[in-house]
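In Swiss-Prot this protein carries:
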DOMAIN    1-189  domain 'Protein kinase'
BINDING   Leu5, Gly6, Ser7, Gly8, Gly9, Phe10, Gly11, Ser12, Val13, Lys26  ATP binding site
ACT_SITE  Asp139  active site, proton acceptor
Amino acid sequence: LLHLLGSGGFGSVYKAIYHGATVAVKKVKRCSKNHLASRQSFWAELNVARLDHNNVVRIVAASTCTPASQDSLGTIIMEYAGNCTLHHVIYGTGYLTGNNSDSLKCDHGFLSTAQAVIYSHDIVAGLMFLHSQLIVHLDLKPANIFITEHNVCKIGDFGCSQKLEDSESSGLYICHQGGTYTHRAPELL
């Protein structure tokens, strides 16, 4: 592990090297208050494990084998999508996790209308692909849209996602209370 990129409700993400490639490693913590929710989050992340799309963060590997000394349910190794999220660009926060290291700096500057259209196209393409695979993200927000060094948006953080069995039987009945309250769709409030 090279350094911490960020942390959230169910774990921490680190920049690392795996078989010579730069990756992001998510360690899903064992939540003592809500063990079921942390387990569900770990397995939900793996909904996209076999998928490959330019606008979706790719899962490289995963393991539930962790040392007993660690308070972890498992580890997920993902492609490294970069230091910057759409949240950083929209709100002008240029550093990850409050660290002022140049290696963690996000230098995207002002978001022009033209760039917003390009980013929107990337996000819609990723969502269309996920929906074609019967996966709903359920926590789509600027902080979960990563911007690569090639200026491509990738949807990440699938800890709240659901894989639908088939579109006819479950497409209209998504009942979900996770995700970020301030970014929920109105029909889920």
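Backbone N, Cα and C atoms are what each Cβ position is placed from, and that goes for glycine too.
Ranking the binding-site residues Leu5, Ser7, Gly9, Val13 by Cα distance from Asp139 (active site, proton acceptor) puts Gly9 first. Take the mean position of the Cβ atoms of Leu5, Gly6, Ser7, Gly8, Gly9, Phe10, Gly11, Ser12, Val13, Lys26, the recorded ATP site; other residues of that chain with a Cβ within 8 Å of it are Lys27. With every protein chain in view, the residue among the binding-site residues Gly9, Gly11 whose Cβ has the most Cβ partners within 10 Å turns out to be Gly11.
The number of other CB atoms found within 10 A of the CB of Val13 (ATP binding site), across every protein chain shown, is 21. Look at Gly11 (ATP binding site): DSSP puts it in a strand. DSSP gives Leu5 (ATP binding site) a strand state.
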